[in-house]
Amino acid sequence: MAHAAAHLKKARELEQFTEYKALQKAREKRRRQRERAERKRQSDSNTSFLRAARAGNIDKVLDFLKNGIDISTCNQNGLNALHLAAKEGHKDLVEELLERGAHVDSSTKKGNTALHIASLAGQKEVVKLLVKRGANVNAQSQNGFTPLYMAAQENHLEVVRYLLESDGNQSIATEDGFTPLAIALQQGHNSVVSLLLEHDTKGKVRLPALHIAARKDDTKSAALLLQNDHNADVQSKSGFTPLHIANGITPLHVASKRGNTSMVALLLDRGAQIDAKTRDGLTPLHCAARSGHDPAVEILLERGAPILARTKNGLSPLHMSAQGDHIECVKFLLQHKAPVDDVTLDYLTALHVAAHCGHYRVTKLLLDKKANPNIRALNGFTPLHIACKKNRVKVMELLVKYGASIQAITESGLTPIHVAAFMGHLNIVLLLLQNGASSDVRNIVSHTSHLFSSL
């Protein structure tokens, strides 16, 4: 009997526990539902609050604030009520939000403040209000953009003017090296360019923009940039790109490379350094010669460009013209007494270079100008060795015609036929044999393989 009573008691306790757990679970479910509903209500309130701010509805915004909504509430991009009101030009609402504690320099996820946003949108009155309320005029976003940069980019002339008058610093560059002047020039905003130049009293931002003018072949803008500033080579930390400045590339290098003779002449007239060298040793003459711009080569030579200038590898302008098959440039350089057998650090001449590239016309011109067909590079290769190696048949025949030795030997003991045989150029081998090279081809191949394997 007692055992049955105990069993019954346990059953009741289990039933009560089960009911308790079910009740607890139901309560937890209702709590989560309430929280979800509250979050949704809060989210809806936040969205409505931000929507009201964007629309400039002061009454609605104030109602939300009275009901406890946080004034710094923002959307997924970090835009808050102040940002949205500033973007749309709602000056009165911006002032009201600032009065109620909105932080004037609060930023979005990209680091933009209300002043950035108003400047980008061209909202001059809001910009003036924000500046008067202490906004940082030179605040930088994550990419380094300032409010002045944004206004210049979008051609908002009056906003640019006000920011400059409010100590906006136009020498601050973005992480890509662009200043407000550089971006205005690139976008073709001439009025903004002129205004920025008027305020560039120390000439700190002219060179960066000058790189862009040179790259765009914009001689008119370059002349404007050089007004009252006779030094076309002033260095600056903020250039067309950081790479240009770091590598020592000047506007004259850019103009020469592009073959813009008007720009080249303008820059030289304003004092550009004609022998300026990049980090790799390139002068403007190298740039013009390599690109085959013979009018630019001619004007640089007439102005006294150093014809014997060397790159770090010892390349002269003549080497670069030969490499590019720019025959007119080669002619100009030779007419101005460029040594036809000038050598690089590896003792390569322009003839070696032309043979390597297979440039028949340049090869013939150099030979006609008495280039030495048997001159040896540091490894003993003659132009003929190189032509045989690269399978340049016409150049090889031309070299032989002008007296290139088919028996010339490199530092490793290779003749031109050795090189041709090893490279598998049967047509070259046959031509060399026809011109008197050794006919013991089997010995040549065996000897060549042994020599090449030991290199």
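Glycine too: its Cβ is placed from the backbone N, Cα and C atoms.
In TrEMBL this protein carries:
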type	residues	note
REGION	24-48	region 'Disordered'
REPEAT	77-109	repeat 'ANK'
REPEAT	110-142	repeat 'ANK'
REPEAT	143-175	repeat 'ANK'
REPEAT	176-199	repeat 'ANK'
REPEAT	247-279	repeat 'ANK'
REPEAT	280-312	repeat 'ANK'
REPEAT	313-345	repeat 'ANK'
REPEAT	346-378	repeat 'ANK'
REPEAT	379-411	repeat 'ANK'
REPEAT	412-444	repeat 'ANK'
What mean pLDDT score does the repeat 'ANK' (313-345) have in the model? 95
Over the span of the repeat 'ANK' (77-109), count residues by DSSP class, listing helix, strand and coil in order. 17 helix, 1 strand, 15 coil
Checking distant contacts: for the repeat 'ANK' (143-175), what same-chain residues at least six beyond its ends satisfy Cβ-Cβ under 8 A? 110-113, 115-116, 118-124, 127-128, 131, 137, 181-184, 187, 189, 191-192, 195-196, 199-200, 204-205, 208, 236-238
Secondary structure of the repeat 'ANK' (280-312) by DSSP, residue by residue, totals 17 helix, 0 strand, 16 coil
The repeat 'ANK' (77-109): which same-chain residues, six or more beyond its ends, come within Cβ distance under 8 Å? 49-50, 53-56, 58, 61-62, 65, 71, 115, 117-118, 121, 123, 125-126, 129-130, 133-136, 139, 141
For the repeat 'ANK' (313-345), sequence-distant contacts whose Cβ falls under 8 Å of one of its Cβ atoms, 6 or more beyond its ends: 281, 283, 285-286, 288-294, 297-298, 301, 307, 351, 353-354, 357, 359, 361-362, 365-366, 369-372, 375
